[in-house]
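Since the structure comes first, as structure tokens, the remarks are kept for the end.
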Amino acid sequence: MCTNSAKVCLSSLFFLFTMANAKNNDNLTAKALQYHFQSLNEVMGSQCLPIEEPSCLGLEYTHTYLPNIIGLTSQAESTKRIRDYGPLIKMGCSTYLEFFLCSVYFPMCTESMGEQVHLRPCASFCIHVRQCCAPLMLRFNFPWPEELDCSRLPTDDEMCIRPHSFDSDIHLPITSVSSNGEILRNIDGASELDPSFIGEFTSEEKEIAKYCLIAFTAQNALFCLTSISLYVFHRSRFVHPLQPLIFLTNACMLEIISYLPQLLFQSNSFPTTDANVTSIFCMIQFALAYYARTAMGIWFVIVSLSWFLSACKGWAPEAIGDLNRWFHVLGWVTSLPPPLFILIFRRIDVDALTSSCYIGHSDKVAHLLFVMLPEGIFLLVGVTFLAAALVSLVRFHCELKSLYPAPSTLAMKAVRASVNRKRLLKAVKRVILTFMFVAGPLLLRTICDTWQYFDKAPRRMAVRLLKAVSIEIVGTGTTMVLWCNRKTFLILCPAPKTKKPLDADNLTHFRPIAPTGKGWRIRH
């Protein structure tokens, strides 16, 4: 790197030394930068080299020179610097940010009349980008870098690089910064920005989201644990088509296990940016959360299928129970490959609001393929089965009511008995409750994902929080469906047993039955 000129090497080393000590002496950094820019103007013999960085290949020029205006002497170092600004580029604070960074780290080099011409970005170009992006950096205590100081760049009167206009940034929010670095105003709000940037939400918004999620997650955990306890101690009470709801509750509990520790013990050790997604904790959290949510969707389909087999096909609970082995394979085993596939291809990113590791926060293609598509399929199939079961139950109930003057067979008499009609009404009620308390939150989550995909930015904070809450109330809804029975409540809160004394009034309600020649008759 030091073959061109010893003067360039000394200048670069002095520049890097002073940058490393910038925190201790800001004035020294400014002087070092000024010296460095002056030194580069005196450098002779730089060569025009083809640009190798892919993100800078679409510019109106194709060659650069080394060392560049920052003092970097290799394109690999310049590429690393540009990629360090990746979150800011994804944020979209300015359409021209990437162009500006390319003009700084890969400045233009051309040959005219046998001489090399080196062009740097214009100061007005730098000022425009700084006005768009610096306030968002300052919001999180990231000052505008000294190496991008606009005062050391040439004015528009000199030969320099700048766009023909800045019209593409007109639709972006305009921000102003005071002399002490505080944001004075932000027209249209920072919520218009891409969620992949960690600075999308303020610390106050994150605290609100944290405590809301703690409350809903704790409530969900309480309901889920209660349902699981009831199933363990009173397993005979839960038969098909209700039994799959218990395993849906287990999937909700797995999702809570992946999420609750971060909410309760959130600290700097938890991932807060996309740079930390390779940590072991982040990968474990993502794998468990994605596995649990996939299992939730599959078990919802199994619940709906059980109702469909019972109501539409007339299967007995024992017949549906014979499929339990396949239900568990479908619910727990088939949920394993998707998170492993995503981990292999490293598609994980971080939610800026909750700092949780998942997929699709910054990559819309991944959001569509791995979040929206599976959720939509599970919801569509499950709702279809539930709707068919509900229609069948309601139709059967209407047919029973329409029988006139009376059923002709003993079988129809048994079907029309009051106890069976009550069971039919209970089944209708449970299917409706499944629609409301299980399919409802899943539908709400899908709507929020669709809203987020199409970038409905004005309510992004509310949409993000609503989506997280909708995931946490699925277990609560499942428990409500299981508890909508008087006997279940009696199991939770058993009433004291009292014996009534036997007196004449109590005995008058019973009539003895005596056999006759043709059968049994009631003795009056």
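Note: Cβ is positioned from N, Cα and C throughout, glycine not excepted.
Of the listed cysteines (CYS122, CYS126, CYS132, CYS133), only CYS126 is recorded by TrEMBL as the disulfide partner of CYS150.
Looking at 85-103, 408-426, 465-483, the range tied to transmembrane segment in TrEMBL is 465-483. Through the fold, the transmembrane segment (328-345) approaches residues 247, 251, 283, 286-287, 290-291, 294-295, 298-299, 302, 359, 366, 370, 374 of its own chain, all at least 6 residues removed from its boundaries and within a Cβ separation under 8 Å.
If one looks beyond the transmembrane segment (465-483) by at least 6 residues along the same chain, the residues whose Cβ comes under 8 Å of a Cβ in the stretch are 208-209, 212-213, 216-217, 219-221, 223-224, 226-227, 230, 238, 242, 245-246, 248-249, 252-253, 255-256, 259, 293, 296, 353-354, 430, 433-434, 436-438, 440-442, 444-445, 448-449, 452, 489, 492. Taken together, the residues of the domain 'G-protein coupled receptors family 2 profile 2' (208-395) have an average pLDDT of 86. Away from its own ends, the transmembrane segment (366-394) comes close to residues 294, 297-298, 300-301, 303-305, 307-308, 310-312, 338, 342, 347, 359-360, 424, 427-428, 431-432, 434-435, 439, 442-443, 445-446, 449-450, 452-453 of its chain (Cβ-Cβ under 8 Å, at least six residues beyond either end). Under a cutoff of 8 A between CB atoms, and with a sequence separation of 6+ in the same chain, the neighbours of CYS150 (disulfide bond) are ALA123, CYS126, ILE127, ARG130.
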